[in-house]
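Some notes on the structure that comes next.
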Amino acid sequence: MFIIQEVIMYKMKMEMKSPFTTSFGTQYDREFILVEVKDENGLSGWGECVTSSLPLYSEEYTNTAWIFMKECLIPLVVHQQMNHPDEVFPKFEAYKGNYMAKSAVEGAIWDLYAKSKGTTLAKALGGSKQHIESGISLGIQENTEDLLQSIKKNVDEGYKRIKVKIEPGRDVSVVKEIRKFFPDLPLMVDANSAYTLDDVHIMKELDRYNLLMIEQPLTSGDLIDHATLQQQISTPICLDESIHCYREARQAIELGSCKIINVKIGRVGGLTEAKRIHDLCKEHGIALWCGGMLESGVGRAHNIAIATLANFTYPGDTASSDRYWEEDVISPLVEVHNGTIMVPQRPGIGYEVDLDIVNKYVVEKATF
């Protein structure tokens, strides 16, 4: 049992090491929110709201999440007594959507809970792995030669799986070129909803290249069209933006819309719901992996913890801290060695948040 004595929100803006391009556009920096919760004993737990500055990936973006957390979520938890973080998600259910904001507050409480029990967040969630495998996500690049060089660099660094972003006009030709030089590379593509069923011929062409999966080829809300497409191609479809909760995961499985699901903690509303989706998929033989949202070290640490659950069988998008950032907000940094990340063994998320770095990049702060 613990009491949430104080909640602090930090609106952050951090420049990325290099631009990252998807079919949604190009990101040069990340605007996101860190949430710190403190209990009556002075312990702190940390969560991250993985929104961006504009509502391109989902309806949420950083400014709306900031208001929603301040006005709706934090009043439900501050000065409240709790026994377990599984109590948080039901408290928030009356408010529609806003999953990334909900995830940030809930994630901070999960971290605090694990620390109060003297255990790791991974073990608190039921995870058992001592290390997780790491893949890498590469944005759309104008020059295929640059992409091939980037792939070689990451393969040489030991990353276990390469994901390449695609869009109409930069799809089959790009994959064909990659396969010329890397015929046996564990390779997948991510379309970020850039296609329709009118493009089924492109998806069938991609079948020729032995891909691990095609991630989110069609629009996020259309489970029926994804089911239709999956019947026509042999490459497994992986759903990302389509899955916001347990209910949508169940519907996708029943419709046959996918064979794999990418679980992003922020997208599904937090660790509690991510656990439920994990258990559902395990029961139905649907493989999982943990996706990334270009998180800082706080969100990255949460990803590492959830990926220790048994049914996360594909390498995730959690790369080393220095992959995207000149400076990260945690110590030690997340490091990848030979394509794996060792799961930290200190209580909670297993990393210390560096308040000096946080304060260097904070643009707004609120305390409750």
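Every residue, even glycine, has its Cβ placed from backbone N, Cα and C.
When TrEMBL records ASP190, GLU215 as binding Mg(2+), the matching candidate from ASP146, ASP156, ASP240, ASP279 it lists for that site is ASP240. Taking the C-alpha positions, the distance from ASP190 (Mg(2+) binding site) to LYS165 (active site, proton donor) comes to 5 Å.
Residues within less than 8 Å, Cβ to Cβ, of ASP240 (Mg(2+) binding site) and separated from it by at least 6 positions along the same chain comprise ASP190, ASN192, GLU215, GLN216, ASN262, LYS264, ARG267, GLY291.
The Cβ neighbour count for LYS165 (active site, proton donor), using a 10 Å radius over every protein chain in view, is 24.
For ASP190 (Mg(2+) binding site), other Cβ atoms within 10 Å of its Cβ number 27.
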